[in-house]
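Input: one structure, supplied below.
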Amino acid sequence: MKNSSASPVSSASPAPSRAPCSSRTAPASAEARSAPVPVRRTRQKRRISFFRGALTATLLLFAFLFALFPERYVPVCLDGIRLWALNVLPAVFPFLFVVSLLQITGGAEKVSRALLPVSRALFGTGGAGGFCFFMSILSGYPVGATLVAGFYKDGRLSDREAKILACACSTSGPLFIVGSVGAGMFSDKRTGFLILAAHLLAVLFSGVLLRLLSCRRGKRQLRGVSVPHSSQALTLSDGIRNSAITAIGVGGCIAFFYVLAAMAYDFRLLLPLQRAISRIPALAPYADGLSRGLIEMTGGCLSAASISSPLSAPCCAFLVTLGGASILFQQIACLRSANVRIPFFLAVKLFQSAVAFLLCLLFVSL
């Protein structure tokens, strides 16, 4: 009797408790997981199509205006090319060529091993990260992004390392900041050194912060350790050609965005942005320069430096660190092959620019 009375209870009691879990919660969770996926894909496709449509319309409008008003925009384009030839090319091309030579001769490997303790302490990366950061500080935009993309392609950087280094190696060169901005625009090298210090400290701080905030899952996982045969087979002529192509691409971006900034100013497309900046009383005199600098950094710095105010140097530090659309486009073109998310990169650049502004303001007030 005990066995017969106990067996129905023991066999029947687990059934009601399991049935609701398997029949109700499982389908609900499956629906919850599967429902948002089509919605996200649809939104992503809409965003991509909207961006492509807006880009196509902008390029067509640019070509139309350039053909309609050649007497206005051809001289502007020549000004951009002249700026590249006199200020950018002498500072960028030698470093691009040196980087190519170091990669061809194996010197990059030796420098990477020597900088391994520094890069590991600052960014938590291998020696390649130290080499990228060192060359970026010396040469400026867009050498850092070019190196990060190249090392990632060769398998020397993981996804996490490329993400950190893409932001940490996004620096302007001392020749431009101290020479062109400080001595040229402010007629004061000391101001150039203050801007350079604020710029480098802001970028370095963001790199260390990204290292602390990044999630580490196990060991570094690289796609390869040795250099591919294609990189080893590069010759001196290949290095010259690659450096020249990169330098010419930089000049094309500068000329294009120089003209684009002039068009935006002529047709008052920057007026809403200027009004938004003017709402901050201290920045009202810099509304024109900051709005222009968001498209082409050099022109914005020149406009800000022409104003005699303690905020002139911090505004230039902001623009130099951000780079403007011209320099950002050059870096994004390289970093797309390094699997770096562009919205993330732009957000970090804005953070770096704000920190550089505050640091430079502190240095000027001392």
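Numbering starts at 1 and runs along the chain as it is shown here.
Heads up, the Cβ atoms here are built off N, Cα and C, so glycines get one too.
Here TrEMBL flags 1-30 as compositional bias 'Low complexity'. Annotation source TrEMBL lists domain 'Nucleoside transporter/FeoB GTPase Gate' at 86-181. Here TrEMBL flags 1-40 as region 'Disordered'. TrEMBL lists 50-69, 81-102, 122-152, 192-213, 244-265, 311-330, 342-364 with the feature transmembrane segment.
Neighbours and distances for these, please.
The domain 'Nucleoside transporter/FeoB GTPase Gate' (86-181) scores a mean pLDDT of 89 in the predicted structure.
Residues 259-260, 263 of the same chain lie 6+ residues outside the transmembrane segment (50-69) yet bring a C-beta within less than 8 angstroms of a C-beta in it.
Long-range contacts of the transmembrane segment (81-102) within its own chain (CB-CB distance under 8 A, at least 6 residues past either end) are made by residues 108, 111, 135, 138-141, 143, 146-147, 173, 175-176, 180, 234, 236, 238-240, 242-244, 246-247, 250-251, 254-255, 258, 298.
Taking Cβ pairs closer than 8 Å, the transmembrane segment (244-265) reaches residues 62, 65-66, 72-73, 76-77, 79-81, 83-85, 88-89, 92-93, 96, 141-142, 146, 292, 295-296, 298-299, 324-327, 329-330, 333 in its own chain, all 6 or more past its ends.
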With contact taken as 3 or more Cβ pairs under 8 angstroms (pairs 6 or more apart in sequence), are the transmembrane segment (342-364) and the transmembrane segment (192-213) in contact?
yes
Just to be sure I understand, if DSSP states are collapsed into helix, strand and coil, how many residues of the domain 'Nucleoside transporter/FeoB GTPase Gate' (86-181) fall in each?
77 helix, 0 strand, 19 coil
